[in-house]
Amino acid sequence: MAGASGLAMAVGACSDRTTAQRGAESGTAPNPVPSPESGAPTEAVAEPPAVAPPTVEPILTSGVLLCRDAWGARPALPGGRPHTISRMTIHHSGVVLSDNRTIAERFRQHQRYHQDEKGWIDIAYHVGIDLGGNIFELRDTGLVGDTATDYDPTGHFLLLCEGNFDEQDVPEAQLDSAALVLAWAAQHFQIGTDTLAGHRDMTSETTCPGAGLQAHVASGELRRRVDDLVSRGPVGLQRVCSHEAAAIMAAIAAGR
């Protein structure tokens, strides 16, 4: 939140009667004011203290990150490769999400498939976003994600926008949250927004993240949104669990 502090200076007037008038009333003459020509010392006039300009605090842009427990994640399997994130890659699941109320089950389906069928340690992506713009914690960002294509995701922050954007439009709320998460990642991992790419930019084996979402990447629009958020100041993701997360998940399931 932007904030500024200001300083005020007050100037007071003591009386409307002059020194000469008061001297006449008391029978005494006022002391003459020595002139510079008389050689008498003059008092130095103190300069007013310098007033610092108001400081403007940077705006904090923040989103809610629903923890893994909120969507009913299994524990990650042992293993995984540590890495240092150096770029950002955006994905879609390639499966139409027609009812956002089922998002928790959708993430559980992804995780079961990735662990049981693909043999991966966890759901493939680091953070997921549903059609309503809700943000979900998926895989530990300190571990390399996974892919069924031929590129190496080491060093990639993998963001999943749930849906199939070859067949459905990208909702504005989802796009807004994608920009927020990517701005957070750029600051948190100290990486340039010029590293942002779609999955299909890494390999010719896929159309991911779908034509609709890739259009926002290729045009530079998504990066401009990210840059705008980064330029405003710190971007935060507040991790939410327990009762607060349960209340949010209940609202999603109720279609609110």
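A Cβ is built for glycine as well, from the same backbone N, Cα and C atoms used for every other residue.
What TrEMBL records for this protein:
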REGION    16-54  region 'Disordered'
COMPBIAS  40-49  compositional bias 'Low complexity'
DOMAIN    63-203  domain 'Peptidoglycan recognition protein family'
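Under DSSP, residues within the domain 'Peptidoglycan recognition protein family' (63-203) fall into helix, strand and coil as 45 helix, 26 strand, 70 coil. The average pLDDT for the domain 'Peptidoglycan recognition protein family' (63-203) in the predicted structure is 98.
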